[in-house]
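Q: Copied straight from TrEMBL:
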TRANSMEM  20-44  transmembrane segment
TRANSMEM  56-75  transmembrane segment
TRANSMEM  95-120  transmembrane segment
TRANSMEM  132-153  transmembrane segment
TRANSMEM  186-210  transmembrane segment
TRANSMEM  222-240  transmembrane segment
TRANSMEM  377-398  transmembrane segment
TRANSMEM  410-433  transmembrane segment
TRANSMEM  464-483  transmembrane segment
């Protein structure tokens with residue numbers, strides 16, 4: 001039996017690495033797009049001002065990009081070190097999108113990044129612009145394949161279990177790549193990066209306005225970033241609606257935990273905070289029907305009959321079938337050479353119950369309920385901050401268009417102080433996505449207690465604190481370099497040499 005302490009420390013270490021990595025990723029996605037837009041304006045207008053603006057934000061993008069790579073590499077290695085059972089059980093499927101990301105997307109991103117960053121005055125304007133856009137696209141494609149892998153953990157499709165190799169093997173690549181959860185996750189995550197990049201640009205630009213520096217540059221940056229951010233945030237909300245439908249369909253326990261919904265029903269209310277509800281809103285979000293039925297935590301544990309007559313098994317029934325699947329798997333392995341007939345019968349029983357295979361590792365049905373408070377409150381933080389930041393960008397854009405932004409010191413302060421808020425919103429979203437899936441490493445297929453490596457708890461605990469120190473150092477170094485570059489400014493007086 002795996003120690004609970006080992007599971008907890010392994011989860012904590014992976015969560016630490018993932019959270020630190022996601023500090024850098026959204027800024028990479030957002031800044032790359034904003035830089036590409038600014039350079040496009042430069043090429044279209046042939047105005048050197050926009051070249052200076054693009055080069056400045058490109059410098060900040062490069063700093064963030066470099067540090068993000070380091071944390072991402074460590075994250076991928078942890079699958080093999082801390083989660084070796086997971087890697088063996090589903091590596092054939094999970095490894096494919098990660099391999100594509102590394103071979104195709106990352107190399108494309110890295111190649112054109114070099115041209116983008118070092119190619120000024122060495123290649124033509126149009127080729128440089130193409131390199132900038134391809135770097136931006138490469139970053140998004142890189143995110144796509146990583147999110148395809150993550151979406152498969154939320155909704156595993158396109159595979160079948162091979163009892164001879166004890167592995168799940170891919171049988172339909174396109175089912176994995178076009179997983180509906182992956183599509184909504186891609187748009188939700190990448191567009192949230194636009195919001196992050198926009199708030200970052202707006203906040204830094206407002207810092208210049210406070211000091212009455214680079215006023216034209218700051219206003220122009222605010223104008224571009226606000227438009228990108230507003231469009232991105234509205235699209236995030238739309239993709240979030242799509243995500244709610246998928247969560248309700250494939251991960252109903254996550255939805256119930258996110259709403260603190262103990263007993264479900266039709267016209268289910270949406271909880272703004274405990275005690276404050278919008279009648280029927282949860283049903284609309286989950287089913288697009290105010291009369292739609294949304295199961296609660298108790299319904300999912302005890303079993304229920306859906307309005308269309310479909311019987312949903314209780315947790316005990318699923319666990320019983322999971323035990324049958326595990327017993328059949330063991331019987332098949334024991335008899336496949338000595339008694340082919342018994343092995344064939346065992347395999348038949350396994351195939352009939354393989355859908356519930358993972359439930360055989362569940363110790364208690366209450367383990368199927370994720371920590372409600374750790375899903376409920378981050379969801380509200382994410383939504384609340386998202387709405388606030390959208391309103392902020394609308395107000396900032398209005399103030400800039402009315403030529404008032406330079407005089408509204410309070411708005412400049414709000415924008416500057418909102419930079420950490422957009423990161424908190426992003427982290428909260430990932431907490432909902434990952435903690436809400438617990439106890440599963442792969443939804444309904446492999447729980448975390450069966451996915452973890454057989455390591456010493458002390459070793460994992462030690463490396464956890466080592467990573468805390470290393471990642472904090474990385475973050476501190478990046479912040480220091482960014483602040484130094486920001487204080488130096490966009491070098492508006494820098495002599496410009498025309499491109500070829």
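Cβ from N, Cα, C; glycine included.
Whatever TrEMBL says is automated annotation, not expert-curated.
Each of the listed features needs to be described in terms of its position in the shown structure.
A: Sequence-remote contacts of a segment are chain residues at least 6 beyond its ends whose Cβ falls under 8 Å from one of its Cβ atoms, and for the transmembrane segment (95-120) they are 55, 58, 62, 65, 76, 87, 127-128, 131-132, 134-135, 137-139, 141-142, 144-146, 148-149, 152, 170, 173, 176-177, 499.
Distant neighbours of the transmembrane segment (186-210): 25-34, 57, 60, 140, 143-144, 147-148, 217-219, 221-222, 224-226, 228-233, 235-236, 239-240, 242-243, 386, 389, 392-393, 396, 405-406, 409, 411-413, 415-419, 421-423, 425-426, 429, 486, 489; these residues of the same chain sit at least 6 beyond its ends, with a Cβ under 8 Å from one of its Cβ atoms.
Through the fold, the transmembrane segment (377-398) approaches residues 195, 198-199, 202, 222-223, 225-227, 229-230, 233-234, 236-237, 258, 272-273, 405, 411, 414-415, 418, 421-422, 424-429, 431-432, 435 of its own chain, all at least 6 residues removed from its boundaries and within a Cβ separation under 8 Å.
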Q: Count, for each of 20-44, 132-153, 464-483, the Cβ pairs lying under 8 Å from the transmembrane segment (410-433), and report the range with the highest count.
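A: Comparing 20-44, 132-153, 464-483 against the transmembrane segment (410-433), the winner is 20-44.
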Q: Under a Cβ pair cut-off of under 8 Å, which of the recorded stretches 132-153, 222-240, 464-483 contacts the transmembrane segment (56-75) most often?
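A: Top-ranked stretch among 132-153, 222-240, 464-483: 464-483.
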Q: Which one, 20-44, 222-240, 464-483, has the most C-beta pairs under 8 Å toward the transmembrane segment (132-153)?
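A: Looking at each of 20-44, 222-240, 464-483 in turn, the most contacts to the transmembrane segment (132-153) are made by 20-44.
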Q: Please report, as numbers and ranges, the same-chain residues at least 6 past the borders of the transmembrane segment (222-240) whose CB is under 8 Å from any CB of it.
A: 30, 33-34, 37-38, 41, 184, 187-188, 191-195, 197-199, 201-202, 205-206, 386, 389-390, 393-394, 396-397, 400-401, 405
Q: Take the transmembrane segment (20-44) and find every residue of the same chain, 6 or more past its ends, with a Cβ under 8 Å from one of its Cβ atoms.
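A: Same-chain contacts beyond the ends: 50-51, 53-54, 57-58, 60-61, 64-65, 67-68, 71-72, 75, 125-126, 128-129, 132-133, 135-136, 139-140, 143, 189-190, 192-198, 200-201, 221, 224-225, 228, 232, 422-423, 426-427, 430, 471, 474-475, 478.
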